[in-house]
């Protein structure tokens, strides 16, 4: 692959690692989720434009729309957690233990 | 064909007239009590005629009126048995009730519900008459329960007082325990002799009569306050004095003895039951006489005296002398009712003071009451040729000369001397010495109602024994010959009791007060019987039933054994074993590791 592709791919991987490994705030996880979405968008746009695959040029925009919805969902969950506990420390989400 | 049955039925039915008049509301006017008293005196005079006919000719009648129902082979009808026992008891009871009604015209004069009081007393008398004239057990049971209910209503007459309500309830409960025995006897008779009629039972003469006679003995124990079911009688003194005089001395408490007397053809064949009766009566008469020695309430002493005399009647039945017991019932009614009426006169005069430690010196202040109290006490202790002598002395003589349990005999003799002791105690504390009541007194015994009623019973106490025992036909032959020391036993122990009591009472003038001994406490607290039996068995019963019902059955068997134990066990073990802690970080971390591993595997796999 070309360097640009590798660059974007690396951005995606870094965001993925940031999503899965975080310390205490749920907010950082959601931010990394946005980062992942951003890198995916850029990657998709680049590929579509470089290969002149015009029929698929809707795909990044629709991806963006759905990502916005999911971001809203994630934020509402964050607000719920913050309502209950005051902070969004992830160690509070421990109801599913036995 | 003579007027025997008609006159007797007339005499019994005029008693129901004042009750019926309450339908017409004539019972609201103020002369109703006088009507009731007059009706009872008419009934008494009317009933004298059939009694005299009976004494003259020995004619016994059974009146069988109205066939109520037939249940398969059992025929229930209204039948009256007018034999020796009922013919003599009815005039005696009516005479005593007449005097008591007249007395309560004075005693309950200021009570606003005096008409209701007289109606209750009259209802009681009617049920008592039903009891004594019953020919079948069903009618007897009706009378039995009736006197129990009226006793409850009358003991709790002043229902604002907690002690009165407790005493009334106590009377009902103890009588109920006796009723169990009665119903057991009725059931046995129904099964084995197919009837509740006395004639058929006596004719069939069943062999193994232990069970029904035990039941009847239990019924007599409950109703006549024998040992074991006795605490209700002293507690029943919470009722007004006419109630104590009528119910708990002459009439209701003798119902148990009367029941046993009615069944004497069955009892004379059963030696076991006779021994049981004898021992029960002996225990009762001694125990209650001991309890009477240290009581301080004048009505309670007389109540214990009643209980002791009832024990003596039961002893008489135990030595197979039902007719003597019946004679003692009749004579005892006279002087015991009079003793209660004298105590009522004293109580009212001293402004409702019942404690003998606060009486004294009434010998000069109330001469008529003093006279009747002393004569009543002498009759009670069996002074020769007064009323009590004819029955009590005969009983002691017969007991001495019969083949009987020596321990029971000894108890009875000791109780006889104790009778003299507590009678002397009453006389000494209430009448003699210097007054111990407040100086501002309302001593007045000048009311004609009071004086006439006590006078009538006084004449009865002196002459009735002679009169009755000379006019009844001979039934069982009394023992005619015995050594002189046996003949004089009753007299000796009584005089012994008198002198001992007088000496002990005179000592109380001089010595300083001291702490009560154990024996004194035993006697004063009624032998600790009510204290123990009213607290321990109910507590044990209730706590045991609570533990077995809610703890054992509900908690342990239904809840804990399977459901809760399984759930707890599972929870503990799963917490012990599992590694999941619900932390999201760990889940994400494991996802990342899985992802990395799978990518490495795919890339390095050639």
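Backbone N, Cα and C atoms are what each Cβ position is placed from, and that goes for glycine too.
Check TrEMBL against the ranges B:172-191, B:512-531, B:532-551 and you find transmembrane segment recorded for B:172-191. Residue ranges B:567-585, B:586-604 are listed, and TrEMBL annotates B:586-604 among them as transmembrane segment. Per TrEMBL, the range carrying the annotation transmembrane segment out of B:55-73, B:245-263 is B:245-263. The transmembrane segment (B:84-105) makes contact with the transmembrane segment (B:453-472), as judged by at least three Cβ pairs under 8 Å among residues 6 or more apart in sequence.
Listed by sequence, the residues of this chain that lie at least six past the ends of the transmembrane segment (B:406-432) yet keep a Cβ under 8 A from its Cβ atoms are 278-279, 281-283, 285-286, 289-290, 292-293, 298, 301-302, 304-305, 308, 311-312, 315, 318, 346, 356-357, 359-363, 370, 373-374, 377-378, 380-382, 392, 396, 399-400, 489-490, 493-498, 500-502, 505. Within the same chain, the transmembrane segment (B:325-350) packs against the transmembrane segment (B:245-263): three or more Cβ pairs sit under 8 Å, each pair at least 6 residues apart. Nonlocal intrachain contacts for the transmembrane segment (B:140-160), taken as residues 6+ away from its ends with a CB within less than 8 angstroms of a stretch CB, comprise 117, 120-121, 123-124, 126-132, 134, 167-169, 171-172, 175, 179, 182-183, 186, 219, 223, 236, 238-240, 243, 247-248, 251-252, 255, 259, 262.
Remote same-chain residues near the signal peptide (B:1-18) are listed as 27, 32, 35-36, 39-40, 42-44, 46-47, 49-50, 53-54, 59, 61, 63, 80, 82, 87, 90, 94, 118-119, 122, 125-126, 129, 133 (criterion: CB distance under 8 Å, separation of at least six residues from the stretch ends).
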